[in-house]
Amino acid sequence: MTAEIIDGKAFAARLRERVGALAEKFEAAAGRKPGLAVVLVGEDPASEVYVRNKGKATLAANMESFEYKLPADTTAQDLLALVKKLNGDPAVDGILVQLPLPDHLDEQSIIAAISPDKDVDGFHVINAGRLSVGQRGFVPCTPLGCMMLLADRLGDLSGLEAVVIGRSNIVGKPMAQLLLDANATVTIAHSRTRNLPEVVKRADIVVAAVGRAEMVKPEWLKDGATVIDVGINRLPPEPGKERGRLVGDVDFGRASEVAAAITPVPGGVGPMTIAVLLRNTLVAAHRNEGIDLPEDAI
């Protein structure tokens with residue numbers, strides 16, 4: 001068996017195209033474009049790349065991009081004041097504070113200061129609570145992107161066995177909740193799970209989100225499983241090379257001989273995250289203006 005490659009890059013491109021078309025319609029109805037504000041504190045090179053990419057994608061989707069770059073020694077008081085200002089700005093529909101923050105800033109208190117209605121990252125405890133009880137809110141971008149890929153590949157997930165490896169608030173826990181809401185039978189596995197290979201072996205759907213390079217081996221997988229690899233890890237460089245390869249949490253090459261479908265790294269889940277961020281911003285804009293947006297439109 002050779003697995004079908006789930007092309008997240010192509011799916012994300014189609015999603016961004018739909019979001020852009022709907023953003024144009026929103027502008028015609030509201031007299032303004034949807035707006036996304038991204039706040040970067042410090043000069044972390046990886047974060048700077050992420051923010052730059054988000055800005056480009058926002059503009060390409062017919063949205064306004066507001067970028068705020070603050071020095072690494074920014075005080076909590078100053079950062080909270082900026083968040084408060086953005087909460088009250090009618091041109092801003094979504095607010096994203098790029099993580100990680102410098103050590104002297106408490107991430108949870110900063111996220112808690114963002115209006116839940118503008119929390120397009122879905123990290124606010126109110127949005128986490130809304131997800132857990134089935135109320136309308138914002139879902140973290142990466143797990144929602146994973147669900148879109150699964151729905152596109154499998155359709156109805158009812159009754160399927162799903163194992164989520166990882167229990168973070170950003171991916172693992174919301175991913176499990178989304179699968180449960182889709183009527184899958186869900187197990188959350190983690191570092192203390194006993195007999196992890198046996199647990200994974202019974203799953204029709206495996207979502208790996210632990211940040212350990214190629215941890216999930218092919219012998220762990222059920223024949224015909226669908227594998228979503230959220231991990232992104234850089235291996236040590238090979239002799240003569242400056243940088244090592246990027247790999248996921250799954251041994252992709254050998255797992256592809258067992259799974260029915262699998263996401264690659266890179267090019268699988270990663271591109272979906274920014275596309276879903278734009279989708280969430282579009283949804284926030286419609287809600288903020290009281291304009292209907294059909295749920296199946298995006």
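Each residue, glycine too, has its Cβ placed from N, Cα and C.
The model shown is predicted, which means the values in this text are computed figures rather than measured ones.
Residues annotated as NADP(+) binding site in Swiss-Prot: Gly166, Arg167, Ser168, Ser191, Ile232.
Overall, the recorded NADP(+)-binding residues Gly166, Arg167, Ser168, Ser191, Ile232 cover a maximum inter-Cα distance of 18 Å.
By neighbour count, meaning other C-beta atoms within 10 Å, the densest spot among the binding-site residues Gly166, Arg167, Ser168, Ser191, Ile232 is Gly166.
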